[in-house]
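Taken from Swiss-Prot, the feature FAD binding site applies to TRP152, ASP160, GLN281, ARG302, SER378, GLN395. According to Swiss-Prot, the feature Fe(3+) binding site maps to TYR229, TYR319, an assignment based on similarity to another entry. The phosphoserine annotation in Swiss-Prot covers SER483 and rests on similarity to another entry. According to Swiss-Prot, the feature transmembrane segment maps to 208-228, 259-279, 305-325, 359-379, 393-413, 432-452, an assignment based on sequence analysis.
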Amino acid sequence: MESISMMGSPKSLSETFLPNGINGIKDARKVTVGVIGSGDFAKSLTIRLIRCGYHVVIGSRNPKFASEFFPHVVDVTHHEDALTKTNIIFVAIHREHYTSLWDLRHLLVGKILIDVSNNMRINQYPESNAEYLASLFPDSLIVKGFNVVSAWALQLGPKDASRQVYICSNNIQARQQVIELARQLNFIPIDLGSLSSAREIENLPLRLFTLWRGPVVVAISLATFFFLYSFVRDVIHPYARNQQSDFYKIPIEIVNKTLPIVAITLLSLVYLAGLLAAAYQLYYGTKYRRFPPWLETWLQCRKQLGLLSFFFAMVHVAYSLCLPMRRSERYLFLNMAYQQVHANIENSWNEEEVWRIEMYISFGIMSLGLLSLLAVTSIPSVSNALNWREFSFIQSTLGYVALLISTFHVLIYGWKRAFEEEYYRFYTPPNFVLALVLPSIVILGKIILFLPCISRKLKRIKKGWEKSQFLEEGMGGTIPHVSPERVTVM
């Protein structure tokens, strides 16, 4: 695979791959690139190549019919003719059609074949499409790449995340050629090494929110539980005790009581994972021991949990702003005014309630502002503009501040009602009491980690210090035998 002398007299790689003795592909206007196939991806790829100054030759089973869908400057011909005109060929056909090129394998000797195909599902075949293509044409230089880019992105030009293309090949020089070609097409190539990485590259476009599944399930489960909890307390209890029908509260009021609890619980889960990781390292006295799989997965999903927390907080704000618009709220307001007049009360001002509501709303706005900052800095383009210290300060320090202010928001909302018997319906605590449990645990755990006796030990562990007991029993050696390459930084 590494040799290209089979094309005739020994030549350098650039002389063999490119026509007319061109060195490299820096002058794209003199390079001919072949595309096997005439589908949507082949059409978009051809347009992209032409815009970047390449000459394109299309190999098709029916060139007369296919030529109607390509620009007139494109040479549309049969497979055999196309393969003889270029040394860099995009194989833009499905896996089941690879064998159609079998009779032309003598024309593919020493040429670069770029496999851009994808499968219908993850791990559909025992080997990747690129490895299968390499087994069919062992004398060709197979490169996997451009399969993560859609035809739409190719035609309109790469933008943002669609600029990245993953490339792998067993031939280093062929891989470098395709990497340079990707740069000429204004993509950002990412070298993933040998062709064994092709299976992972082919699975990338087929994954559907892999890291989001767990957090979404957790969020839905929490929302369902707290919704039913509020429904039983605020709707079923009045009906069972006083035959009072409060079912009208379900669409807005019950939902709005559920949203903030889920939001603050998800935010607590974001930072609880880090506390458990720190406790794990303190317990074993080392940072070289891998976390349990469940904790490792939890740590990887913190961004998704935080964004879901921000989503529930934003929806909570929208619902809260709509509360005064409800017809039921207007009726309640009129009833209160009538009762006040009937009781001959001239002034219903309550200083304590005024201060409570003012502080409650103020803390809510501050927590939402900090959550917005956390959400914005999680955007890749924004986080890439920050150095590590800036990013960790926002996501860690300000994140804990946001959690603390959110906890104050809930505390002031509950005020003294946690100690009043009438709010314990069916002998269950109020919603805000449940909402405070997990944030309080996280804040208390963070305070414990700030203690000098613990923080100093944790810093030593992060710098590589280990307990001798772990080295003797777990590692079976001394510190010089520990390889830094084995460390997994979460």
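Yeah, the Cβs are placed from backbone N, Cα and C, and that goes for glycine too.
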Exercise for review: Might you confirm whether the transmembrane segment (393-413) is in contact with the transmembrane segment (208-228), defined here as three or more C-beta pairs under 8 A between residues 6 or more apart in sequence?
Suggested key: no
Check your understanding: Other than its close neighbours in sequence, what residues sit by the transmembrane segment (432-452), given a CB gap under 8 Å and a spacing of at least six beyond its ends?
Key -> 226, 229, 260-261, 264-265, 267-269, 271-272, 275, 278-279, 400, 403-404, 406-407, 410-411, 413-414, 417-418, 458
**Study point:** Distal contacts, the transmembrane segment (393-413) - CB-CB under 8 A, six or more residues away
**Key:** 260, 263-264, 267-268, 270-271, 274, 306, 356, 359-360, 363-364, 366-367, 370-371, 373-374, 377-378, 386, 432, 435-436, 439-440, 442-443, 446
Study note, to complete from the structure: Sequence-distant residues near the transmembrane segment (359-379) by C-beta distance (under 8 Å, 6 or more away from its ends) are 267, 303, 306-307, 309-310, 313-314, 317, 386, 391, 394-395, 398-399, 401-402, 405-406, 408-409, 412-413
Exercise for review: Measuring CB to CB from GLN395 (FAD binding site), give everything in the same chain under 8 Å that is also at least six residues away in sequence.
Suggested key: LEU374, THR377, SER378
Review point. Can you tell me how far the Cα of TYR229 (Fe(3+) binding site) sits from the Cα of TRP152 (FAD binding site), in Å?
Key: 47
Practice item. Inside 10 Å of the Cβ of TYR229 (Fe(3+) binding site), count up the other Cβ atoms and send me the figure. Key: 18
**Study point:** Cβ neighbours of GLN281 (FAD binding site) where a neighbour is any other Cβ within 10 Å
**Key:** 18
Revision key, fill the gap. The binding-site residues listed are TRP152, GLN281, ARG302; by CA-CA distance, the one closest to TYR319 (Fe(3+) binding site) is ARG302
Practice item. Output the one of TRP152, ARG302, TYR319, SER378 that, of all these binding-site residues, has the highest number of other Cβ atoms within 10 Å of its Cβ. Key: ARG302
Exercise for review: Based on DSSP, name the secondary structure state of GLN395 (FAD binding site): helix, strand or coil.
Suggested key: helix
Check your understanding: What does DSSP say about TYR229 (Fe(3+) binding site): helix, strand or coil?
Key -> helix
